[in-house]
Ligand SMILES: NC(=O)c1ccc[n+]([C@@H]2O[C@H](COP(=O)([O-])OP(=O)(O)OC[C@H]3O[C@@H](n4cnc5c(N)ncnc54)[C@H](O)[C@@H]3O)[C@@H](O)[C@H]2O)c1
Ligand SMILES: O=C(O)C[C@H](O)C(=O)O
Ligand SMILES: [Mn+2]
């Protein structure tokens, strides 16, 4: 890295803009490149926030923030620290979805992401090296964008999800932004809109699948581990047919996790614990219906399953608590096109007399009377009034989590769920939801989004120099989120609010680090895990 003159002003990790002091300006060869006033970061932040406020709509605000990031990373995070609840939905879900859809039209310098093309595996290592530019990379978020949120295949445009996830990592947990790397794997796209768009910036061919794809992934993992041996590798928004396969291949040999499978499983279980704290019921007494048994749905089922087993249930007993509904209806042993993950949780037709009729959600809800209904289906409005009322008739405090993102894909709105259940539903939504006031009670709505847990988990793993992520650590991190909400307050949310994100991410990070050390999975010697988290924490100051 060159660190003098214009090259420093153009390096977003080093640039302070007008905050360079006179002495620094002289020393770095910057005298005359900036107006004479030297600003404090607070003044720069105030100026930038006014500019941000003048932008409209939200997508313009996002572009403004991305350009600020491109210029001055410290100032970007200083501002984000001050406005985390306001910025989260802009930098991340749901506005990130709009930026992905319009990536080519609104293209700006891409926040130091690495772009790897399936057509050039020979460039993987050198590209990662160029983008890192000598930085000590500790965390990589990679996407191939085959399953962006619930919107399907978005090709190279999907890089924005990796960028957004990393921004949340730093804002929530305090990982040094100079030590992270967003990566786009451009395997082609099957999205016709993109292939026909003359402005499309990714590979203009169909998605490469199978052996060639998996070989590319393997080359990527090898290069990533070689260049950044102390890094954590976070997988995001891979397609249903690859996500679990890739995770299974690497999870026992390197520090890695899949956010959609594991992060989602974790936050949903934490949310269910929050709901059960309010209803004073037990996990082992619940019947779980998962609508949309894909990557996230099965991650959730497996996480709850593992917790039921920890509570002493046998495999068979634990499995008997789950019902999966996917496109085919309720999933039976003999249903066609089951995924490997689904096969372990199918039902037998013998158990249900009218199994032929259970080909839609409403019929299944009426028949099996779930106490917990999870939506990861990508199908908007599918938690209908009839379905929700049926649940409320059969259980005192139905737990209903419509989790599909972004906003336009949610299975139901929090407002309707409160109304249809006369305030009884215990709710978490994928995107942020406003409070709902109903019959004099103000209900706070928890955000059941993996962003409430992956930053603390990932940062704890990085700070403790973890070699692997185990189920034991996952479980410890989930429980770290418990007890943060006053369950007896009327209208309490099932999860803590995003405004407390930095505090609870710190707690999750500490508990994660403790768990890593307890299992002896740290690469480097660490005396005190809490101190290690503290020491690793970056703050957005010059
Ligand atoms: N809130 C969160 O933290 C969070 C985390 C991960 C995923 N999600 C959301 O969950 C949704 C699914 O994501 P994914 O990664 O699991 O995708 P996926 O493609 O792996 O799974 C979606 C599943 O829904 C099924 N499905 C499609 N149409 C259906 C229908 N009409 N009826 C029943 N099932 C149907 C598909 O067959 C598939 O199995 C997305 O909208 C995503 O944004 C939310
Ligand atoms: O990105 C999100 O908002 C959560 C989740 O990872 C998803 O894919 O929907
Ligand atoms: Mn995701």
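Placed from the backbone N, Cα and C atoms, the Cβ positions cover glycine too.
Features reported for this protein in TrEMBL:
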{"type": "ACT_SITE", "residues": "92", "note": "active site, proton donor"}
{"type": "ACT_SITE", "residues": "165", "note": "active site, proton acceptor"}
{"type": "BINDING", "residues": "236, 237, 260", "note": "divalent metal cation binding site"}
{"type": "BINDING", "residues": "405, 449", "note": "(S)-malate binding site"}
{"type": "DOMAIN", "residues": "69-251", "note": "domain 'Malic enzyme N-terminal'"}
{"type": "DOMAIN", "residues": "261-517", "note": "domain 'Malic enzyme NAD-binding'"}
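On the structure: features taken from TrEMBL.
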residue : record                             : DSSP (3 states)
92      : active site, proton donor          : coil
165     : active site, proton acceptor       : helix
236     : divalent metal cation binding site : strand
260     : divalent metal cation binding site : helix
405     : (S)-malate binding site            : coil
449     : (S)-malate binding site            : coil
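Proximity to ligand 1 (Cβ under 6 Å from any of its atoms) holds for these recorded positions out of 92, 237, 405: 405. Straight-line distance linking the Cα atoms of residue 236 (divalent metal cation binding site) and the residue listed as 'active site, proton donor', rounded to a whole number, equals 13 Å.
Listed recorded positions: 165, 405, 449. Those with a CB atom under 6 Å from ligand 2: 405, 449. Closest to the residue listed as 'active site, proton acceptor' by Cα-Cα distance, out of the recorded positions 92, 237, 260, 405, 449, is 92. Taking a C-beta cut-off of under 8 angstroms and a sequence separation of 6 or more, residue 449 ((S)-malate binding site) has the following same-chain neighbours: 93, 267, 403, 405, 430, 431. Cβ neighbours within 10 Å of residue 405 ((S)-malate binding site), excluding its own Cβ and spanning all shown chains: 23. Taking the mean position of the Cβ atoms of 236, 237, 260 as the divalent metal cation site, the remaining same-chain residues with a Cβ inside 8 Å of that point are 143, 147, 148, 161, 235, 238, 243, 258, 259, 295.
Per-residue pLDDT, averaged over the domain 'Malic enzyme N-terminal' (69-251), rounds to 98. Its Cβ placed at the centre, the residue listed as 'active site, proton donor' has 24 other Cβ atoms within 10 Å.
Ligand 3 lies under 6 Å from the Cβ of 260, out of the recorded positions 92, 165, 260, 405, 449. A Cα-Cα distance of 15 Å separates residue 260 (divalent metal cation binding site) from the residue listed as 'active site, proton donor'. Between the CA atoms of residue 92 (active site, proton donor) and residue 237 (divalent metal cation binding site) there is a gap of 14 Å. Counting Cβ atoms from all protein chains shown, residue 236 (divalent metal cation binding site) has 26 others lying within 10 Å of its own Cβ.
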